[in-house]
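*Asks:* Pulled these features from TrEMBL for this protein:
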type: BINDING; residues: 41, 42, 43, 44, 45, 73, 111, 140; note: 4-amino-2-methyl-5-(diphosphooxymethyl)pyrimidine binding site
type: BINDING; residues: 74, 93; note: Mg(2+) binding site
type: DOMAIN; residues: 11-191; note: domain 'Thiamine phosphate synthase/TenI'
Ligand SMILES: Cc1ncc(COP(=O)(O)OP(=O)(O)O)c(N)n1
Ligand SMILES: Cc1ncsc1CCOP(=O)(O)O
Ligand SMILES: [Mg+2]
């Protein structure tokens, strides 16, 4: 069961519509999945609710027949309305226990930015942690200070739960992040800003061994 979950979380595309540009989010998702992405998180910070639900439904309709789960960032209402597979919440978003009550069978991720947060998170009903951010990143302006590989390793040493590393990850450092204890990698700019997201996903997958 854990192995199956880890396989699902292995290479996680987190979308950014500005970085996807005129190609659109769906086209970038399609290319990234063709290149080996195993899970997609739809992250929309500006979109109005109705458009967010419509985009989520369109992604879900394309991803479901391909067996790739769709996770919604922040918004349980959007996840429920679109039939998404899961929700990713951070430390100030809806509490995981409330997400679990609303979506009992969902895949739930929680961001962990420090050892203190990890200690509190261990009692939460979640499936994986987003270890955030491993490296500094321009993609998220309000990200916590970077943990570095040593910070990731310290979290690895204190939990058996699956860890998805995020923040500044690309083909050049993917192997080192896995070696420090991550089970999966989540990337935004390395895929959404790539000229060829399918080739970028293939390269990342190859570097992950
Ligand atoms: C896999 C993964 N890990 C961490 C995050 C960050 O979530 P959060 O801290 O809630 O910040 P926002 O993404 O909402 O800006 C994530 N999205 N995915
Ligand atoms: C959403 C998010 N959460 C923590 S860092 C981050 C952004 C990661 O973006 P990138 O992969 O471009 O560094
Ligand atoms: Mg959030």
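Using N, Cα and C of the backbone, Cβ positions are placed for all residues, glycine too.
Whatever TrEMBL says is automated annotation, not expert-curated.
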*Asks:* Given 42, 44, 45, 73, 93, 140 as the binding-site residues, which ones have a Cβ positioned under 6 Å from some atom of ligand 2?
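*Replies:* By the Cβ criterion, which requires under 6 Å to ligand 2, the hits are 140.
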*Asks:* Among the binding-site residues 42, 74, 93, name every one whose Cβ is found under 6 angstroms from ligand 3, counting any of its atoms.
*Replies:* 74, 93
*Asks:* Quick check for the class: what is the C-alpha distance, in angstrom and rounded, between residue 42 (4-amino-2-methyl-5-(diphosphooxymethyl)pyrimidine binding site) and residue 74 (Mg(2+) binding site)?
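*Replies:* Residue 42 (4-amino-2-methyl-5-(diphosphooxymethyl)pyrimidine binding site) and residue 74 (Mg(2+) binding site) have their Cα atoms 9 Å apart.
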*Asks:* These are the binding-site residues: 43, 45, 140. Which one scores highest on other Cβ atoms within 10 Å?
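*Replies:* Of 43, 45, 140, the one with the most crowded Cβ is 43.
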*Asks:* Can you go through the binding-site residues 42, 44, 73, 74, 111 and pick out those with a C-beta less than 6 angstroms from ligand 1?
*Replies:* 73, 74, 111
*Asks:* So if I measure Cβ to Cβ from residue 74 (Mg(2+) binding site) and keep only same-chain residues at least 6 apart in sequence, which ones fall under 8 Å?
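*Replies:* Result: 43, 87, 88, 89, 90, 93.
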*Asks:* For the 4-amino-2-methyl-5-(diphosphooxymethyl)pyrimidine binding residues given in the record (41, 42, 43, 44, 45, 73, 111, 140), what is the largest pairwise C-alpha separation in angstrom?
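*Replies:* The two farthest binding residues have Cα atoms 17 Å apart.
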*Asks:* To which of the binding-site residues 44, 93 does the lowest count of other Cβ atoms within 10 Å belong?
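*Replies:* Taking 44, 93 as the binding-site residues, the minimal 10 Å Cβ count falls on 93.
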*Asks:* List the same-chain residues at least 6 positions away in sequence whose Cβ sits under 8 Å from the Cβ of residue 41 (4-amino-2-methyl-5-(diphosphooxymethyl)pyrimidine binding site), in sequence order, or say none.
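*Replies:* For residue 41 (4-amino-2-methyl-5-(diphosphooxymethyl)pyrimidine binding site), the qualifying residues are 12, 13, 14, 15, 70, 71, 72, 73, 88, 186.
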*Asks:* Please compute the mean pLDDT of the model over the domain 'Thiamine phosphate synthase/TenI' (11-191).
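*Replies:* Within the domain 'Thiamine phosphate synthase/TenI' (11-191), the model's average pLDDT equals 98.
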*Asks:* Counting every protein chain present, what is the number of Cβ atoms, excluding its own, within 10 Å of the Cβ of residue 111 (4-amino-2-methyl-5-(diphosphooxymethyl)pyrimidine binding site)?
*Replies:* 21
